[in-house]
Amino acid sequence: MVYIHFPNNLTEEEQMLQAKYQKLKKKKKALQAHKAPKPEPESSLTLKRPTDARDAREVARKLIKSGAIPAIQKQTKQDQTSFKRPKGQERAKRSTSETTVASYQPFSSTQNDVAQETIISEIIKEEPRRQNLYQHFATERDREERGMPEKVPMDTAQPEKPRAGNTIFVSGNKVTEDFLKKTFNDYGTIVNVSMEIEKSRGFVSFAKPESADRAIAEIHGKNVNGINLQVQLARRQPQIEPINDASSSAVWSSIAASKSQKGSHKDHREMVQYDEDFLL
């Protein structure tokens, strides 16, 4: 068997380790004590003895008699009613006062001359209105008795008629008179072609407005021979007389021949004759 002999005295290394261990142990205890929550000290509640109402009254009376405290004065009715009126009620009061019509009160002591003048001026203003109303109703009744139709108000908005005309406005790059004649010859009889060469635009006048409408609908915004054409109805339409219109001369001459100058109106009244004695 082998016996191990431990010396009683510690070596220098062991003593150094033991001292470090003791230091760490102290630090650990101090850290735990710092982290632990500290119990808050109980606050001592000071209980006040409630005073009796009778005792308070007696103390107040004694102080008033001695002159240390002034007595409380009662408020009068005027002080109680003097409150600030809200702004909303003031506005409502103003509006009602403005809308009310002044009326004459002969037995009122507060009636003044200004109110009377305003009433008289209002009565004077009302008189022409009443006369106009009377005239209006009188004329309406008279029209009903005669059986005349009611007047149609002129203010009624009538729908605007669509624009129509024989002349169209054509614009495009390098547009010429021959080009316009060739392009629009298929849509109807061309009466006149006028050009503005500097601005590359022109005006084409057809014999009928239907030809102008068809040309606008089919050619506006399209490319013809590499030229983008903008076709619109011209603002100013020159007056063009219809060509080869059969109803222009023959029809109107027949109508004029069938009607006499006196017209077809016959007078159905009877002739009234008076005696000579009645006239004298």
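Backbone N, Cα and C define each Cβ position, glycine as well.
According to Swiss-Prot, the feature region 'Disordered' maps to 25-112 (among others).
Swiss-Prot lists 25-36 with the feature compositional bias 'Basic residues'. A Cβ distance under 8 Å defines the sequence-distant neighbours of the compositional bias 'Basic residues' (25-36), meaning residues of its chain 6+ beyond its ends; there are none.
Annotation source Swiss-Prot lists compositional bias 'Basic and acidic residues' at 49-61 (among others).
The compositional bias 'Polar residues' annotation in Swiss-Prot covers 73-83 (among others).
Residues or ranges marked as compositional bias 'Basic and acidic residues' by Swiss-Prot: 87-96 (among others).
The compositional bias 'Polar residues' annotation in Swiss-Prot covers 97-112 (among others).
The region 'Disordered' annotation in Swiss-Prot covers 141-166 (among others).
Marked as compositional bias 'Basic and acidic residues' by Swiss-Prot: 141-163 (among others).
Taken from Swiss-Prot, the feature domain 'RRM' covers 166-236, and the record attributes it to sequence analysis. Each residue in the domain 'RRM' (166-236) has a pLDDT score, and their mean in this model is 85.
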